[in-house]
Amino acid sequence: MNPYILATLLFGLGLGTTITFASSHWLLAWMGLEMNTLAIIPLMAQHHHPRAVEATTKYFLTQATAAAMLLFASTTNAWLTGQWGIQQMTHPLPTTVIILALSLKIGLAPVHSWLPEVLQGFDLTTGLILSTWQKLAPFALLLQVQYANPTLLIILGLTSTLVGGWGGLNQTQLRKILAYSSIAHLGWMILVLQFSPTLTLLALLTYLIMTSSTFLVFKLNKATTINTLAISWTKTPALTCLAPLILLSLGGLPPLTGFMPKWLILQELTKQELPCTATLAALTALLSLYFYLRLSYAMTLTMAPNNLPGTAPWRTSPSQLTLPLATSTMLTLLLLPIAPSMTTLLSL
């Protein structure tokens, strides 16, 4: 792609998200979401592969449906209450429709079916943008309307953690596994959204860091299936040692960074006298942990069925920048010791 066109599209992507962040009016927020969608579509379809074009079409139709629902609900709210402000949602009907529309935008269960299929059609770089940056604008809106329907948020959160763990069990494609991982993590954030928005932001931040490092590891190894992970030790032996730790951090095992948000979320749910919800969420985390362990096993404890000379690649210098990978990997593995500081900040 022409670098000027790429820069323009990335600028549009950033501007759309920024407009949504800064808006207090539903029309401005809707405009930012539309700019965001229209800017990423050429990035998705740039390879002209039939699968990429199909995934781009699915993504466009899904996002257009969610945007139409958002516009309809905000207009209905203005008609019923006379208010266009995002924080002035008082009527239950438009509020519920808006929460469902934003859930469709970010891929929460039970409106998640598009996400694994769409992510499977893209390369890992576009998948990284879709799994991280594209979640920010809808989350900014969800943070502002979260108090309206607490029961719906808990149902969406629990369903997402369950579907995210259950759906990834029988997958062999890494991008689909990461899509279900994304659904499960978003479910954890939605669960605690109404009780502690700052804790949701902490979980979102750690999710962005861990997902970025996972995508960058797979991109450096050019891995798209579990089988290709088995020969990654011949390409990047040091990274193959660190990759299982990154995956286990995504699964939420101590003493890694991913344990911190899960621990604090379970603690908050227990404080809010929701022990059954906390127990269900912890049990669904075990489902997710299984397929992270499966990937770790494929990388470190299995060997490809061919001899060493057949798997040794050419030692060419990598074309990918390794600084983002090194930074995100370090943050993915080593942030747990600052958990006391985080809890102090959250209690202020």
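Cβ atoms are placed via backbone N, Cα and C, with glycine included.
Taken from TrEMBL, the feature domain 'NADH:quinone oxidoreductase/Mrp antiporter transmembrane' covers 23-287.
Here TrEMBL flags 289-342 as domain 'NADH dehydrogenase subunit 2 C-terminal'. The average pLDDT computed for the domain 'NADH dehydrogenase subunit 2 C-terminal' (289-342) is 77.
What TrEMBL records for 60-80 (among others) is transmembrane segment.
Residues or ranges marked as transmembrane segment in TrEMBL: 92-115 (among others).
The annotation transmembrane segment is assigned in TrEMBL to 147-165 (among others).
Beyond the transmembrane segment (177-195), the same-chain residues lying 6 or more positions past its ends with a Cβ under 8 Å from any Cβ of the stretch are 103, 106-109, 112, 115-116, 118-120, 127, 131, 135, 139, 142-143, 146-147, 150, 153-154, 156-165, 167-168, 171, 203-204, 207, 211, 214-215, 250, 261-262, 265, 268-269, 272, 277, 281, 284-285, 288, 291-292, 295. Sequence annotations record features per position, and here TrEMBL assigns transmembrane segment to 177-195 (among others).
Here TrEMBL flags 201-218 (among others) as transmembrane segment. Outside the transmembrane segment (201-218), and at least 6 residues removed from its termini, the chain residues within Cβ reach (under 8 Å) are 124-125, 127-128, 131-132, 135, 139, 143, 174, 178, 181-182, 185-186, 188-189, 192, 224, 239, 242-243, 246-247, 249-250, 257-258, 260-261, 264-265, 320, 324-325, 328-329, 331-332, 335, 342, 346.
Listed as Cβ neighbours of the transmembrane segment (238-257) (distance under 8 Å, sequence separation of 6 or more from its ends, same chain) are residues 181, 185, 206, 209-211, 213-214, 217, 220-221, 232, 263, 285, 288-289, 292-293, 295-296, 299-300, 329, 331-336. According to TrEMBL, the feature transmembrane segment maps to 238-257 (among others).
The transmembrane segment annotation in TrEMBL covers 277-293 (among others).
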Contact set, same chain, for the transmembrane segment (60-80): CB under 8 Å, 6 or more residues outside the stretch: 26-27, 29-30, 33-34, 37, 41, 89, 91, 93-95, 97-98, 100-102, 104-105, 114, 118
Non-local residues, at least 6 beyond the ends, that sit with Cβ under 8 Å of the transmembrane segment (147-165): 89, 92, 95-96, 99-100, 103, 108-110, 112, 180-194, 274, 277, 280-281, 284-288, 290
